[in-house]
Amino acid sequence: MADIQSRVDELHRLLNQYSYEYYVKDNPSVPDSEYDKLLHELIDIETQHPEYRTADSPTVRVGGSAQSTFEKVNHDTPMLSLGNAFNEEDLRKFDQRIRDNIGNVEYMCELKIDGLAVSLKYENGRFVQGLTRGDGTTGEDITENLKTIHAIPLKINESRTFEVRGEAYMPRKSFVNLNEAKAANEEQPFANPRNAAAGSLRQLDSKLAAKRKLSVFLYSVNDFTQFNADTQSEALDELDQLGFKTNQERQRVQTIEEVMTYIDKWTKQRENLPYDIDGIVIKVNALEQQETLGFTQKSPRWAIAYKFPAEEVVTELLDIELSIGRTGVVTPTAVLEPVRVAGTTVSRASLHNEDLIHDKDIRIGDSVVIKKAGDIIPEVIKSVLDRRPDDAEIYHMPSHCPSCEHELVRIEGEVALRCINPKCQAQLVEGLIHFVSRQAMNIDGLGTKIIQQLYENEKIKDVADIFYLTKEDLLPLDRMGEKKVDNLLNAIEKAKSNSLEQLLFGLGIRHLGVKASQVIAEKYGTIDELFHVTEEALMDIHDVGHKLAQSVVTYLENEDIRALIDKLKAKNVNMIYKGVKTTELEGHPDFKDKTIVLTGKLYQMTRNEASNWLALQGAKVTNSVTKNTDLVIAGEDAGSKLAKAEKFGTEIWSEEAFVQKQNEIEG
């Protein structure tokens, strides 16, 4: 048996070495056939002797058993997006702001890889968890799929615990091979490598993900306490030394002129790369200066992403159709002859409003120039006048709503036409779609087509009806089998424990966006407190103006809305902000004013349910264990947070002890 163990160890060493040489250094020392031979030898040993298979065995690269779903996991620290720059003027403003704050600065310029942002967690040198970015606060656990990417080390040679972040992507060669295989099987090809990478990492069967030949570039460290770096460039160098793959085209520069030179170089050379990039990232290099500059709610102040100019193409405008939004705004949409733009086929594009159509003299039948705003949303820029046909048709907006026939109005100071019928079906359906969206209640599986069917079948008339749905309501719907229905009902049940700000945003109160929902929920803590708020009190909150304050108060004073809230409460939908200030709640003395961390897998409730219950007791629930943490509630496989709590001497409870205390309090 000792001979088997030594051979397994040797195979691990050789396979990890060859994988690193091929996928990270791009300099293989042996042919593929040698790697395959050794891998199959290890697979045979593990098949005959399962006790020799480890979590970090090179054989996990080929994928394992299929999962039923991806678990949602909170990030230890948010994965923020970057602010955007679209031209030299934007970059010079960024540079001036930086220098006004911290004086002289060195920048690190890096290629912006066009893929899927991921977070990789290592404990004692072993890769233990990988998450998608998700909404920045909560991502999906795609660990098994990420293990199939050879550029991600399953373990490193040092016993460190840390988190790194980067971009998973599909090399152009892999993309071509994948689409050729899809074409041969008469399957729909992927539009671009980014979509292919995202689709591959969301495969429930990791064996399928393994076949897609993805790669990754790491670009940041989440916590520098385990690193010796003082700068971004030193951090990337240290990641190189640990065996991670970082992009080697990075460059340190001293001036904004050097930044522009770097951008110009890669604007011209981007098509020569073996992977797609969609811009350049500019970061303040010194970590101390990064800390001084800090963050906004959405992004770091010390970094910016320059986006390459959008590709423009010409196609024919076939027709103009109207869509009705959840607030009644009527938006004209161009129906186009399908055309490829920035890697995807576009057949529809926004025309924004009637004034834009007339100001730009855009007519049905014209050849029009379209581009993707921010490389995402297609829009019509202008008509090509010298190609205009004689029968090009001037477009006139209708006087009545195409959904409910109610008269359309233009509110003073607005350019959009609006349907003000509160019973307009199109608005109601759009409101339901908004309620379940990712930044609102985030109900997986409840898409547009299902909502439309449920509305047409009179199973849902308002957002509260969603929480009253049964298996009998869902099974008759198109393409809804037993498993899909169970998953959807579980997602609906899970949404009940969402935080107050998600509910507020989901209700679709006019002028109330994600950020304002967060700020207002944090300020008032519960929906019942908001029922008593005045416009003046709301306007005391930073960034809340008169229009928003008036809209919120008017909405919550409506008796129909109060009845809707009661209907939601009857189904135990949470009405409390997850981080509600303990001073505003009576709470329970065992938890009031205490800082508590939940870690590991809970079986008798979800993390959100536990967090909301603790908030009701006056506790502050956080993600990180520090010396100031009062209590850690540890479920199964608690990991590094439990170890840190033991190190600090923090009080630790099991899930069973926590549930027992809940039962005592609730009688």
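Heads up, the Cβ atoms here are built off N, Cα and C, so glycines get one too.
Swiss-Prot has this to say about the protein:
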| type | residues | note |
| --- | --- | --- |
| BINDING | Asp32, Ser33, Glu34, Tyr35, Asp36, Ser81, Leu82, Glu110, Arg133, Glu167, Lys283, Lys307 | NAD(+) binding site |
| ACT_SITE | Lys112 | active site, N6-AMP-lysine intermediate |
| BINDING | Cys401, Cys404, Cys419, Cys424 | Zn(2+) binding site |
| DOMAIN | 586-667 | domain 'BRCT' |
Q) What three-state secondary structure does DSSP assign to Cys419 (Zn(2+) binding site)? A) strand
(Q) Checking the contact step here: among the binding-site residues Glu34, Asp36, Leu82, Lys283, which have a Cα within 10 Å of the Cα of Cys419 (Zn(2+) binding site)? (A) none
Q. Does DSSP put Asp36 (NAD(+) binding site) in a helix, in a strand, or in coil?
A. helix
Q.
Around the Zn(2+) site formed by Cys401, Cys404, Cys419, Cys424, which additional residues qualify by having Cβ within 8 Å of the site's Cβ center?
A. Ile324, Gly328, Pro402, Ser403, Glu405, His406, Leu408, Asn421, Gln425, Ala426, Gln427
Q. Out of Cys404, Cys419, which of the binding-site residues is least crowded by other Cβ atoms within 10 Å?
A. Cys404
Q: Express the distance between the Cα positions of Arg133 (NAD(+) binding site) and Cys404 (Zn(2+) binding site) as a whole number of Å.
A: 40
(Q) I'd like the Cβ neighbour count for Cys424 (Zn(2+) binding site), meaning other Cβ atoms within 10 Å of its Cβ, all protein chains included. (A) 20
Q) Hey, how far is Glu34 (NAD(+) binding site) from Lys112 (active site, N6-AMP-lysine intermediate), Cα to Cα, in Å? A) 35
(Q) Highest Cβ count within 10 Å among the binding-site residues Asp32, Glu34, Asp36: which residue is it? (A) Glu34
**Q.** Secondary-structure category, per DSSP, in which Lys283 (NAD(+) binding site) falls
**A.** strand
**Q.** Distance from Leu82 (NAD(+) binding site) back to Cys404 (Zn(2+) binding site), taken between C-alpha atoms, in Å
**A.** 41
**Q.** Secondary-structure category, per DSSP, in which Lys112 (active site, N6-AMP-lysine intermediate) falls
**A.** strand
Q: Going by Cα-Cα distance, pick out whichever of the recorded positions Lys112, Cys401, Cys424 is nearest to Asp36 (NAD(+) binding site).
A: Lys112
Q | Length of the line joining the Cα atoms of Lys283 (NAD(+) binding site) and the residue listed as 'active site, N6-AMP-lysine intermediate', in Å | A | 12
